[in-house]
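Peer 1: Okay, here's the structure, questions in a sec.
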Amino acid sequence: MESAFTKEHSWSIISSFFEQKGLVRQQLDSFDQFVKTKMQEVINESPVIIVQSAPTAGIETQKRIAVRFGQIYVSKPPVYTESDGRTITVFPNEARIRDLTYASPLFIDVTKETLSELGVVDKHKYSRVPFGSLPVMLRSSYCVLYGLGDKDLIDLGECPYDQGGYFIVNGSEKVIVAQERMASNTVYVFKKAQPATYTHYAEIRSVPEKSSRNPSTLSMKLCRSPGVIRVSLPLVKQDVPLFVLYRALGFLSDKEIIDHILYEDDEEMFELLKESIEEGTVVQDQNVALDYIGKRSAPIGTPQEKRIVMAKDLLAKEVLPHIGTQEFCETKKAYFIGYIVQRLLLVALGRRNPDDRDHYGKKRMDLSGPLLASLFRTLFKKLCVDTTRHMQKCIENGREFNIALGLKASIITQGFRYALATGNWGDQAKAMQTRAGVAQVLNRYNFVSTLSHLRRVNTPIEKEGKLAAPRQLHNTHWGMVCPAETPEGQACGLVKNLSLMAYISVGSSSGPLVEFLEECGVESLEEISTSQLDAATKIFVNGVWVGIHSDPVGLIKSLKLLRRSLEMDKEVSIVRDIREKEIRVQSDAGRPCRPLLVVKDNKLVITAEDIRKLKRGEIKWDNLVTSGFIEFLDVEEEEMSMIAMNTKILADESRNSSDVSVSYTHCEIHPALILGICASTIPFPDHNQSPRNTYQSAMGKQAMGIYATNFLLRMDTLSNILFYPQKPLVTTKSMEYLRFKELPSGQNALVAIACYSGYNQEDSIIMNQSAIDRGLFRSFFYRTYTDQESMSRPGVNEEFCKPSRGAVLRMKNLNYNKLDDDGLISPGTRVTGDDVLIGKITPILDPERSTKEAPVYVYKDSSTAMRRTETGIVDTVIVTNKDGYKFSKVKVRSGRIPQMGDKFASRHAQKGTIGITLRQEDMPFTSEGIVPDIIINPHAIPSRMTIGHLIECLLGKVSAMSGEEGDATPFSGVTVDGISSRLKSYGFQQRGLEVMYNGMTGRKLRAQMFFGPTYYQRLKHMVDDKIHARARGPLQILTRQPVEGRSRDGGLRFGEMERDCIISHGASAFLKERLMDVSDAYSCYVCDFCGLLAMGGSKVNECKGCNNTTNVSMVEIPYAFKLLIQELMGMNIAPRIRFEE
C-alpha cells in the first residue's frame, strides 16, 4: 500500500481540503458561530431589568415594571435604509462604492411585565423589536453571496476568487485579526526570577465555560523563608496561608487537608508542607478562617457576620469559578487546589520542569467570534443601563413606557461600527482601556497580500519590549504557524501567519463529553476516597478535574473511536500524559489544529482506492474525516503522537526487522504545508538562507499584479495593476490554492548574472530599454478622490458646482477650467497637479450683512484637486447619494513605465533598483541572438546564499524548452543534478552558462554568463512617488524652520549625524549656512551688559532688565535658539548671550 501512496496522492487530498474549506474558513466559522449561538447566550445571561417607582405619601402600592429579553433574530440579506425611508437589499459592491456599511438588522422579542405585591398584573410580549444592526462578514452564511456560483458573483460585480472573511464598514473593507492569548483554566508553574520573596509560583486564570466574564486569577507562591505556601485570591488584599484557605472551605483536620494534596507517602513533599501546616495551626475553625479572608477583602467597618457571608460568597464565585460557582463545589475545589500545590511542589523539587509560556498548546486565538461576543456583551450592558434609566424616568413622570422608544438601537449599531471602523475594541467612552488595531483595513495590494492578511495572528504585547522569547520560533509552531512569514523590526515574531492547512477550533460544549466520560466509568471526585487517587489517572475536561479512571488505555481508545466516528466533534483534542498520569480532553475555542493522516500498524488507513474515489468526486474532504482516514490534532495532542514525515519512513519501519521498532500513529500529509500563504509562493525555499524567505514574504505583499478580477468596477483609494502579469515558469504546488496562477504578480524575465559596465553595483540592475518599450513591467496606477455634499448648518447645504472667481471667496490657486457645470470633471480628461476634479462650495454666514431674521450667506471654495506631484487621465466618475446627500468619487489612472530608480525583486528577496536602462543593441547577446531583459550583479549571490534563485533559473530554462511548468515545491526531492541532466539533453551547458557577445563591441566575452528565465516582481516603491527637492517654501509656525514631507513641499532634514560629519570635516562656514542661513536665521537685539533679549530698532533701543538704553547689539541667531531662550526664561532660567570684545 505504501508504495502505492505517492506525493500526487497527497496533493489530491490537499486539493479536496481547499475545495471544501478555502483559506479563510476559520474566520467564517467563527462569525457564524457568534451569530448562531453566542449572541443568544449573551442575551440569556443578562438579568431581568426591574424598575420601581419611589414610594409616595398616601399611595401604599409601588408600581414595578420588569422587562426581559427573549429570542434575537438576524435578518438576511443585509439591508440599507435610504434617506426617503425605503429599505433596499444592499450588495457588497454597492456598499463599497457608496461608502455604506454592509450590515443586517437585528430584532429581539421583549416581554414587559407590570408587577404588584401579589404577582404579575399585566404581561405583554412585543415581538421583533428593532435592536440595531450587525455588520455581516462577507461569504458567511448570513451574506447575500453565500453559496452563489461564479457566474452569479460576476453578475453582482464581485471577484469569483475573493474568499470573503472581512466586513464592509463605511465603504472600507475591514478584517478582524486573530488575537493570541494564554489559555485560561490551565495551571502554569514558573520559577520566580531572583531576588524575590518567593522561589516558585503557580497560577491559573479561571473563566467559566459559558460566561465571558473577566478571568479570576488565583496564584500560589512558595515563599523563600519560611518555606510556607501562600495563596493570593481575587479581591483579597493579602495572601492567605494555604491551610487557612482549606479550613475556610470546610476541611479542618491537618490529615484531611494533606489527603487532598498528597496521595502517597512522599517524604520530600511532606517536608515542604511542614511550614505551611504550622502556619495554619493558629486557625482551627471554619468561621475564623472565613473571617480571616473576610477581614482582608471586606470594606473597613463591616460587621463580622457579614464578613463571613462575604468570604463564603467570594470562595464560591471568585475562587476557581470554572469548577463551579454554586454551593457544594468545595470538595472539587479542595482537590483542585491540592493539584495546584502538587504541581508547585514537583517543580520546586526539580522533578518536573517549569511550564513554557511560549508553548503553542497553551495559547488560544480569539477570532471574530469571541471578539465580537465580548464587544456585544459590553454594548448590550450599555443598552440595558440606558433602558433602565429611560424606564425610571417614565415611571417617575407617570408616562407610559414605550418599548420601541426605550430600546436605543443605535447603541448596538454605533458600537459595532465604531469598533470595526477604528479598530479600538471596546466602549468608545473608555477608549484608553481598549485594545487598538484589532480591526484593520484589508490589504488589497495584490491577491496574496489579501489572503495573507485574512490569516494573520497578532500577539498583543508591547512592541517595545526587548523580550526575545515570545518572538522566537518555537518547536510547537510546526504546521500551525509559518516559520518564514513575519514582519521585520518592531513586530518581528509577534505578528504571525497561519500555515496553509492550520485551522482554528470554534469550540463546542463540554457537557456531552462529561456525560460520555461518566458512562465510561469515570468516578466523580465526590464519590471517591483519597486512597484511590494514587494509582488512578486524573481526567480533565477543559481544565476542570472531573474525576479519575483506572483504565486509561481503554478510555483513550474509546474516546478516539468516538471522535473518528464523528459522535464527538472532530475538533476535540484527547491527550494522554502518561508521565503525569493525566488525560486532558479539550473542546474550547481558539486552539490551532491541523489535519494528519491516520496510521494503524505502521500502515496508512487510507487506500489508493479511496484516493481514486476522491479524484472522481465520489467522496469529499469531509468523508475522509468521517471515515477516520484523517484527523485534526491540536498542538497538545500532536506532542503526544508519533508522526511520520512521509510514507517512505512508514514503509521503512514496517520492513524493519530489528527489535527496536517505532509505532507511528499519524503521518504528515505533506511537509510543505508548514509554510504560510506568502512563503508558499517561493520556489525552493528549502534552498535559501532562512531570513531571505522572511524578506520575500514581506516583499511579495508589495508586488504589483492583479488584486481582484473586478478592479475596473472597484473604487479603491490606491491600486496598481501590472499590464501583462504572467504565471511563473517555475511554480509550487501550493500556488494552485492561492490562485497565484490566475492572479499573478510578476513576469518571467530573461536574467543574466554578470558584471557588465558598472551600472549594476550595490544591488542595482541593468534593464533592457527595448523590452520596456515593448511593455515589460509596465503598470497602471489608480487613485480615487472622494467628496460629499453635507449640511453646513441646518437647512443650508454644500453644493457641487463650478466655482466662479468673482462670486466665491477663498478660491485656491488651482485650475478650475476642466470642470463641467455640475462641478465634476468628465472621464477621459487629461489632468495634472493642481487641476480641480470636484468643485464644491460651502455657504458661510456673512456677519456684516446678516440679521437674526434674515441670514445672508456667502460661499467659500472647498474643492478637491489632484495631488501636486501626480498626473493622469480621469478614468471613472460616479455620482450617487449617501444619507440623502450627493456623493461623488473620481478615479484617476496614470501609466507607470519602469525607469531608473524603480524597485524590482526576484522571489528570493534579491531586490534591486534600476541603475541604467540599455537599448537592445548595447546589451550582451548569445549566439542565438537572445538578449537578457535584466542583468544583475554576481556579488548579490554569495553572501546571501539564495541558492533557490539559481535553481529557479536553471529549472526555468528547462520549463521554457519543455513547455511544462517546473515544480519547485519544497521538500519534494528535486535535485540540481536532475535538472542539469535535463538541461543538457536540450543541448545547453548543463549548469546554465552561456557564451555571450559584448553588445558594445560585438566581441565574444571571455567569461560565460549564467543566463535563464527568472520570475521578477515589480514592487510598489517607484521613483516618481519619492523624487523630491525644494529651494524656498513653507515654514513651520512655531520654529520658523521648513516643514517636513514631500506632500507639503517640505525641506530635507540635516540631522545630528550629518552635523557631526561636517564638524569632523571642519567645514564651519558650510555648517552655519545649512543650520542657520538656509533654515531659520533671525535677527534680534541683545543687551551688551546683561546679555538678555532687548528691544531695538530705528527709534528705540532699550533693555528692560537693566534699564540700559545705549548699548544694545543686533545678533543673528537661529529662530529655534531664540525660542529656546524664551522658553527657559519662562521657567525662571536666564540664558545670557555674551559678546567677545
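Just so you know, glycine gets a Cβ as well, placed from its N, Cα and C.
Model, not experiment: these values are computed from the prediction.
Dumping what Swiss-Prot says about this protein:
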BINDING   D763  Mg(2+) binding site
BINDING   C1087, C1090, C1103, C1106  Zn(2+) binding site
ZN_FING   1087-1106  zinc finger
Peer 1: Taking the Cβ of C1103 (Zn(2+) binding site) as the centre, count every other Cβ atom within 10 Å, in any protein chain shown.
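Peer 2: Its Cβ shell of radius 10 Å holds 23 other Cβ atoms.
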Peer 1: Would you list the other residues of this chain near Zn(2+) - those whose C-beta lies within 8 angstroms of the C-beta centroid of C1087, C1090, C1103, C1106 - in sequence order?
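Peer 2: Output for this site, in sequence order: D1088, F1089, G1091, L1092, A1094, K1104, G1105, N1107, N1108.
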Peer 1: Write down the Cα-Cα distance for the residue listed as 'Mg(2+) binding site' and C1106 (Zn(2+) binding site), rounded and given in Å.
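Peer 2: Computed Cα spacing between C1106 (Zn(2+) binding site) and the residue listed as 'Mg(2+) binding site' is 64 Å.
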Peer 1: Calculate the distance in Å between the alpha carbons (Cα) of C1090 (Zn(2+) binding site) and D763 (Mg(2+) binding site), and round it to a whole number.
Peer 2: 59
Peer 1: Sequence gap of 6 or more, C-beta under 8 Å: which same-chain residues meet both conditions with respect to the residue listed as 'Mg(2+) binding site'?
Peer 2: K911, G912, T913, N937, A940
Peer 1: Between 0 and 100, where does the mean pLDDT of the zinc finger (1087-1106) sit?
Peer 2: 90
Peer 1: Which residue, of the binding-site residues C1087, C1090, C1106, has its CB surrounded by the fewest other CB atoms within 10 A?
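Peer 2: Checked C1087, C1090, C1106; of these binding-site residues, fewest Cβ neighbours within 10 Å: C1106.
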Peer 1: Under DSSP, the zinc finger (1087-1106) has how many residues in helix, strand and coil?
Peer 2: 0 helix, 6 strand, 14 coil
